[in-house]
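Pasting a structure below so you can have a look.
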Amino acid sequence: MAQNPLSKPTACLVLADGTVFYGTGFGATGQTVAELCFNTAMTGYQEIMTDPSYAGQIVTFTFPHIGNVGVTPEDDETTDPVAAGMVVKWDPTAASNWRAAEELKGWLARRGRIAIGGVDTRRLTRAIRQQGAPHVALAHDPEGKFDLAALIAAARGFAGLEGMDLAKDVTCAQSYRWDEMRWAWPEGYARQEAPKHKVVAIDYGAKRNILRCLASSGCDVTVLPATATAAEVLAHAPDGVFLSNGPGDPAATGEYAVPMIREILDTTSLPVFGICLGHQMLALALGGRTVKMNHGHHGANHPVKDLETGKVEITSMNHGFAVDAQSLPEGVVETHRSLFDGSNCGIRMSERPVFSVQYHPEASPGPQDSFYLFERFAAAMDAQKAEV
């Protein structure tokens, strides 16, 4: 079923079931195929598009006004956009923000990302919920010429994210040190001066703001590629190990990540902290399992309950897989749970400073309710040193 309210659309989004959404194209021209998700955040579209966790996905923004504050290099979560494409309600207006360095349209075009505006995003979001993150093809042609049969075939031919190890595509090529802290007015980004803890961060697709939060918590951060071995991690003599966010199927990434994590847990007593994909990697290493969600959690307004304190945190989330809490073995405690659907959002080992959360405590975009987790990681390293 096609929806074509325009006399000459220049872009179209084609779902695998044959549904077509027409609109106005912007950004790069061409076509791409991916899994379709929706994000409910009102701000932070630049951080979302550059979040490595969105590899292999086209993002539908439910908030209608996207692009009105432009983009600035300071807000990139990685060097280039990683999300495969963008779907918005309204065609972006001119940027109005003192920090804006570039218009969204030009930024997307320069970075090779396709976008479509003028789409009924409420109807599309309903389709995503009903179909469960459908496979889609997105095309942008200034002449408005589309081969719908070929686009439907392309959408149906997309393999999907299950079984895909995308961390290898977005991880760093070699190790590096990170010392930039969180943005603060009026200084901007400052460099740390006297870090207390040596931390090795495994980069499955790490956001820059996660690394900044670690640095702001007193961590001297060395980032290693996703395929780093336990020996390579321990060669840096860390006080703690951090497992980052990232894209794809955790079971696929776990083929090489889980053995490394298990060796760290079996041979050391180091504190370990994981976020998002890192949370899933830790759960797999401890004997749990992960499952594909219907349409995932993507937004900056997700309520999560801390099961140990009873407090509710409003969190930022971006994941299409979840840890099956029923699969967690003895000695692993579920600590956080989504108040939207009851899915697992946090675990810890009962006798060791090893913990992780499914959501993003660094936010960017989103609320700052959960920054205490970085401080908890630093406190665990302090306590570990005091015992030596």
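A Cβ is built for glycine as well, from the same backbone N, Cα and C atoms used for every other residue.
Residues or ranges marked as region 'CPSase' by Swiss-Prot: 1-194. According to Swiss-Prot, the feature L-glutamine binding site maps to Ser53, Gly246, Gly248, Leu277, Gln280, Asn318, Gly320, Phe321. Among the features that Swiss-Prot reports, domain 'Glutamine amidotransferase type-1' is placed at 198-387, with the record citing sequence analysis. Marked as active site, nucleophile by Swiss-Prot: Cys276. Positions annotated as active site by Swiss-Prot: His360, Glu362.
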If you measure from the Cα of Phe321 (L-glutamine binding site), which of the active-site residues Cys276, His360, Glu362 is the nearest?
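Given the candidates Cys276, His360, Glu362, the nearest one is Cys276.
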Tell me which residues of the chain lie with their Cβ under 8 angstroms from that of Glu362 (active site), as long as they are six or more apart in sequence?
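Counting only residues 6 or more apart in sequence, the Cβ neighbours of Glu362 (active site) under 8 Å are Lys207, Asn209, Ile210, Arg212, Cys213, Ile275, Phe371, Phe374.
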Would you mind listing, in sequence order, the residues at least six apart from Gly246 (L-glutamine binding site) in the same chain with a Cβ closer than 8 Å to its Cβ?
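Looking at Cβ-Cβ distances below 8 Å from Gly246 (L-glutamine binding site), excluding near sequence neighbours, one finds Pro52, Ser53, Leu166, Ala167, Val170, Thr171, Asp203, Tyr204, Gly205, Ala206, Ala226, Thr253, Cys276, Leu277, Gly278.
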Using the alpha carbons only, what distance in Å do you get between Asn318 (L-glutamine binding site) and His360 (active site) once rounded?
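Rounded to the nearest whole number, the Cα-Cα distance is 8 Å.
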What's the CA to CA span in angstrom from Gly320 (L-glutamine binding site) over to His360 (active site)?
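On Cα coordinates alone, these residues lie 14 Å apart.
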So what sits near Gly248 (L-glutamine binding site) in its own chain, CB-to-CB under 8 Å and at least six residues off in sequence?
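Gly248 (L-glutamine binding site) has long-range Cβ partners Ala55, Gly56, Leu161, Met164, Asp165, Leu166, Ala167, Leu277.
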Going along the chain, which residues six or more apart from Gln280 (L-glutamine binding site) have their CB under 8 A from its CB?
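Sequence-distant Cβ neighbours: Pro250, Gly254, Gly274, Thr290, His319, Phe321, Ala322, Val323, Gln358.
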